[in-house]
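Student: Handing you this structure, nothing more for now.
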Amino acid sequence: MNLGSLVSESRNPQTMDLDALSTFDLVTRFNQQDTLVALAVKETLPEVAKAVDAATDALKSGGRIIYMGAGTSGRLGVLDASECPPTFGVPHGLVLGLIAGGPGALLKAVEGAEDNQQLGADDLIAIHLTANDLVVGLAASGRTPYVIGGLEYAKQLGCTTVAISCNPVSPIAQVAAIAISPVVGPEALTGSTRLKSGTAQKLVLNMISTGAMVKFGKVYQNLMVDMQATNIKLVDRACRMVVQATGASREEAEAALKQTDHDVKPAILMILSGLDAAAARAKLDAHQGFLRAALEN
């Protein structure tokens, strides 16, 4: 592949004079480029929706969501995965991020790791990948060997696969069952795909993980009702969520949360249904943790 022919590696005619601009004009130029990102992502929404449904299916079948990438792409996957346990109360590892070169590559590049196709497969073997898992490969260029190797192994195992890249008709898009390719155009700084490409990938990951968790019963209305209240800020947020969902007073919300060990979902059900904590938990269990279903049935 001629790397210079990739959109993500080409020069941007709107930013040829970066080194001659005033500071304000410099940041304005970057901002102008960033406005293109959401529009590019919008064009991929049908594929993003398919990825959300695939992620939901994986979770409901007892599988995991696995992100894998190199460099910025890998770091973004690790970031999104690491936010899921505190936000949605899911176990660590249910959403997992793999980066070429291992955890050390989060802080310092591991030379050659992204060019090792077998390493992608080996990393998935090491986490005992199963056919129930969803594997999402991230590569701005769309041709990272580490990601291709991982996607090919996952495909052989029977996993549903997703590719997220910022070049059209990329190699990883051709390997994966679902291809999400927001074409954001040349970067403001030539080839620096941590910029628009990274932003586009983050927007897509936001939708995949959050959308899947909504459809997995971790959200009521637009409230993260399975959030873990692990610090003062989150304890306060838990109380506010109960108030917002029920219309109860803060005192009533605090009393309910005290009985549920600050577990928001049963506290809401207690107030709206008149159940005690044990009965609220039992009813939630009977409805697979879906608060709306527990309230309506």
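Placement of Cβ uses the backbone N, Cα and C atoms for every residue, glycine included.
Per Swiss-Prot, the features are:
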- 55-218: domain 'SIS' (DOMAIN)
- E83: active site, proton donor (ACT_SITE)
- E114: active site (ACT_SITE)
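Give me the lay of the land around each of these features.
Tutor: Neighbours of E83 (active site, proton donor), defined as other CB atoms within 10 A of its CB across all chains, total 15.
DSSP assigns E114 (active site) to a helical segment in the three-state reduction.
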Student: Kindly state the mean pLDDT of the domain 'SIS' (55-218) in the predicted structure.
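Tutor: Result for the domain 'SIS' (55-218): average pLDDT 96.
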